[in-house]
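Positions annotated as domain 'Dihydrodipicolinate reductase N-terminal' by TrEMBL: 1-109. According to TrEMBL, the NAD(+) binding site annotation covers Glu37, Ala83, Thr84, Thr85, Ser107, Tyr108, Asn109, Thr110. Taken from TrEMBL, the feature NADP(+) binding site applies to Lys38. As annotated by TrEMBL, domain 'Dihydrodipicolinate reductase C-terminal' applies to 113-245. Feature annotation from TrEMBL assigns active site, proton donor/acceptor to His141. Residues annotated as (S)-2,3,4,5-tetrahydrodipicolinate binding site in TrEMBL: His142, Gly151, Thr152. Per TrEMBL, the feature active site, proton donor maps to Lys145.
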Amino acid sequence: MKVLLYGYGLMGKKVAHQLREKDEFDLIGVVSYEFDEKAPEAMYSNLTEVQDRADVIIDFSHPNNLDDILAYVKKNKTKVVFATTGFSKEQLDKIEEASKEIAIFQSYNTSFGIQMVTKILRQVAKEFYDNGYDIEILEKHHNQKIDAPSGTAKLLYEVMEDEIKETTPVYDRSALHEKRKKQEIGIQALRGGTIFGEHEIMFAGLDEIIEIKHTALSKDVFVQGALAAAKALQDKDHGLFTLKTLY
Ligand SMILES: NC(=O)C1=CN([C@@H]2O[C@H](COP(=O)(O)OP(=O)(O)OC[C@H]3O[C@@H](n4cnc5c(N)ncnc54)[C@H](OP(=O)(O)O)[C@@H]3O)[C@@H](O)[C@H]2O)C=CC1
Ligand SMILES: O=C(O)C1=N[C@H](C(=O)O)C[C@H](O)C1
């Protein structure tokens, strides 16, 4: 499978390493502003420079690159794995629109563990809420991360919103001079050191607290999920696929 990798930052370099190790993948180029002369593949600053046709693009970069990617995949009927976080609502709508003609995987977290956490939340969040428990999300990441809250925190919020319906996200309480409302789900971000990614959902009730927590112990859990997604897309003609497709 011919792969173009979009982004050569912390994640891009890990993905490139795995792609080079595996025979089933042929990394034909890397798109990044940063020119790495040691990289064995062709380096491009954007996809308009790429003449070859890739079977799939794996994107771990920045939301600013979305239009470049969509133009290439529509022209070449190339499948795409979007693992980048921080897309706006309009950008997510563009991705959904493009999926009418292209096979697209999009997830703010590609780990198996987070998919399991979403399954647990679908089962328990509404029952906790209906029984008076307050729900809060806490995420922690390394000090190089540019977006907050994390894409995963947003994903976890959306899963619970989908079940409970009447929730409101609250990102900052500093300007609020009132008690917490029942329907609020607070989402807090901590940044420091080299934390790969922690997500904790707290259900706080009368005299008891239940916490569901996922801790990534390396970036490999995300890399494996992204490669699995690239493989899973190969027999798809078009459509928007998520972690549910994989696990
Ligand atoms: N879905 C998942 O499971 C996971 C998703 N992620 C997400 O993947 C993305 C990349 O993460 P990570 O590798 O750690 O981040 P890095 O900051 O290390 O790398 C970001 C990459 O995006 C490019 N980039 C940065 N800013 C811009 C910009 N303004 N316009 C265009 N391109 C830009 C950089 O290009 P250059 O090098 O040329 O500067 C670099 O290649 C993030 O959105 C992160 O949240 C991360 C881990 C797991
Ligand atoms: O930037 C990261 O590192 C991560 N980003 C994703 C997010 O924003 O949720 C996934 C993971 O937690 C690591």
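Heads up, the Cβ atoms here are built off N, Cα and C, so glycines get one too.
Positions of the features from TrEMBL, shown on the structure.
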{"residue": "Glu37", "record": "NAD(+) binding site", "DSSP class": "coil"}
{"residue": "Thr85", "record": "NAD(+) binding site", "DSSP class": "coil"}
{"residue": "Ser107", "record": "NAD(+) binding site", "DSSP class": "coil"}
{"residue": "His141", "record": "active site, proton donor/acceptor", "DSSP class": "strand"}
{"residue": "Gly151", "record": "(S)-2,3,4,5-tetrahydrodipicolinate binding site", "DSSP class": "helix"}
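With the fewest other C-beta atoms within 10 Å around its C-beta, Lys38 stands out among the recorded positions Lys38, His141, Lys145. Apart from His142, Gly151, Thr152, the (S)-2,3,4,5-tetrahydrodipicolinate site neighbourhood in this chain, defined by C-beta within 8 angstroms of the site C-beta centre, holds Thr85, Tyr108, Asn109, Glu139, His141, Lys145, Asp147, Ser150, Ala153, Gly197, His199. Within 10 Å of its Cβ, the residue among the binding-site residues Thr85, Thr152 with the fewest other Cβ atoms is Thr85. A Cβ distance below 6 Å to any atom of ligand 2 is met by none of the binding-site residues Glu37, Lys38, Ala83, Ser107, Thr110. Here is what falls inside 10 Å of the CA of Thr152 ((S)-2,3,4,5-tetrahydrodipicolinate binding site) among the recorded positions Ala83, Tyr108, Asn109, His141, Lys145: Tyr108, Asn109.
In this structure the alpha carbons, written CA, of Thr84 (NAD(+) binding site) and Lys145 (active site, proton donor) are 12 Å apart. Here the binding residues for NAD(+) are Glu37, Ala83, Thr84, Thr85, Ser107, Tyr108, Asn109, Thr110. Their largest Cα to Cα distance works out to 31 Å. Between the C-alpha atoms of Thr110 (NAD(+) binding site) and Gly151 ((S)-2,3,4,5-tetrahydrodipicolinate binding site), the distance comes to 11 Å.
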